Amino acid sequence: MHSRYRDGALLLAAFLLAYLLPLGFHGLWIPDETRYAQISQEMLHSGNWIAPHFMGLRYFEKPPAGYWLIALGQAVFGENLFGVRIASAISTGLSVLLAYLLAGKIWSDPRKSFASALLFMSFGFVAGQAGYSNLDPQFTLWTNLTLVAFWYAVHSIDRARLVAWTVVGVACGMGFMTKGFLAWALPAIITLPYMLWQRRLTELLRFGPLAVVIAIAVCLPWALAVHQQEPDYWRYFFWHEHIRRFAGDNAQHAQPWWFYLPLLIAACLPWALLLPVTFKQAWQRKSRPDTAFLLLWLVLPLAFLSLSKGKLPTYILPCLLPLALLMADALVEHLNQGRGRALRVNGIVNAALTFLGLLALIYVQLKQPVYENEPMHLLLAVIVLTGWTLTNALQGIRPLTFWALPAVGSWLLIVLLPAALPNDVVYNKTPDQFVARHQAELAACTHLLSNDLGAASALSWRLKRPDITLFNTWGELEYGLGYPDVQGRQVRLQGIDAWVTKARSEGRVGVIMRGKSDEELRELELLPKDGQR
């Protein structure tokens, strides 16, 4: 029991220091963070919790539950950087807890429970998303909860089994309310083959309908309400966000079928070189129900997502919890047997590559500086690379003693990296910091204009105003701009002179422009030259 308290305290400390502490110390990244911050803020201010709007325009790409939780964070902690990101951090923290609980349920081995949670929360991809405001950490939580509850359900009896199936239904419902039908597809393609293999299909047919009914009950009130408020919602959401993205020739974010294979390796850094021993042991134990379930959970969603034409890196987040458990199982078995070779190789290779990265940074900085008069940023970058090198080197030198140290390097990375980035990156990717520096002047403007959706949403969130006029840009807002009741929210090139003249006659005009591409420079040239810049 003492070791469990110690392990829990260590994981909680890591959560507080690595996940929560950095949330409020760097600007919102475009396009995701500014988008989700603004949509959820608009829900808070407008009171419309049914149909999502992005800068006052209909935005039907996702259901509202993810926005609700981000809005809750802003309501409780303030409309600030911490409030925008807290939902992602807590969602990831709860997924870490689920990894710990599932490992305990499967193996009843405190060391494997701790290793499962530690590996999962130090996977670079998981840790990075914990401090990033988007919907994937929330969706991953609901998917993880669905499958963990399923495992509890099929290993329980009587009332405990009914409670577990109820949790399956609630989690499926909330997953659907966060990202749509994928929340039902992923559990189905895992649980059905597993129960068939276990020859327990009758049990699934007996209790599965309970979860289905509860999931529908969770979703139905909102589904009916949004249909009444926005009759076109379901057509757009189903066909555009599901069918076209999955199978359309012009699918958004199109990638080749093998896209997720190298990404899976990168996602589990700094533990990637443990994958060979992980898969070797998993294959040897594939006839065991627990290993088979975890393999199905890892492989089948990965295959399903690979079939989709549209792919984003964060889609594989639900595959990482079972990978962490399989890896923890192999790692602890190696530790128990005194076999440190895989850990030694992992540590040495990580340390060597990071040290080479440190040398490359120094060389580039001397030849063609990446950091221009930014000694603190450069120092932090050196600290990050040095810390990663040392923690992994110690694992390589004494793998059986310092096996967990790469996790410290991973957490150091996510704490310091945002503050270690060059100003060129920060200014380009976090425009809300520029808006914050000029907030007083911009807040006094009657009209606001931008040629970039990321900058526009940052401006909208900082000033708590959805009425930003979009100059020659539309992108993901093309659908929302097509409604007749929002005409005038967009200005094309040929109409900018008339718009500026009219806007100036009504008060001050604030403009945030991006000027890197030839098209953007042309847009800048069309603006009046007599304005303050």
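One is the number of the first residue shown, and numbering goes on along the chain from there.
A Cβ is built for glycine as well, from the same backbone N, Cα and C atoms used for every other residue.
The transmembrane segment annotation in Swiss-Prot covers 10-30, 64-84, 86-106, 113-133, 137-157, 170-190, 207-227, 290-310, 312-332, 345-365, 377-397, 402-422 (among others).
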Query - Segment proximity, the transmembrane segment (170-190) to the transmembrane segment (86-106), 3 or more C-beta pairs under 8 Å - result: no
Query raised in the report: Do the transmembrane segment (137-157) and the transmembrane segment (345-365) come together with 3 or more C-beta pairs under 8 Å, pairs six or more apart in sequence?
Result: no
Report task. Determine whether the transmembrane segment (170-190) and the transmembrane segment (10-30) share at least three Cβ pairs under 8 Å, counting only pairs 6 or more apart in sequence. Result -> no
Query - Distal contacts, the transmembrane segment (345-365) - CB-CB under 8 A, six or more residues away - result: 269-274, 371, 378, 381-382, 385-386, 388-390, 392-397, 399, 402, 405-406, 409
Query raised in the report: Which sequence positions outside the transmembrane segment (113-133), separated from its termini by at least 6 residues, show Cβ-Cβ distances below 8 Å to it?
Result: 7, 10-11, 14-15, 18-19, 22-23, 28-29, 32-33, 36-37, 70, 84-85, 87-89, 92-93, 95-97, 99-104, 107, 266-271, 313-314, 316-317, 320-321, 324-325, 327-328, 331-332, 404, 406-407, 410-411, 413-414, 418
Report summary line: Across 10-30, 207-227, 312-332, 402-422, the most C-beta pairs under 8 Å with the transmembrane segment (64-84) come from 10-30
Query raised in the report: Looking at 207-227, 312-332, 402-422, which one has the highest count of Cβ pairs under 8 angstroms to the transmembrane segment (10-30)?
Result: 402-422
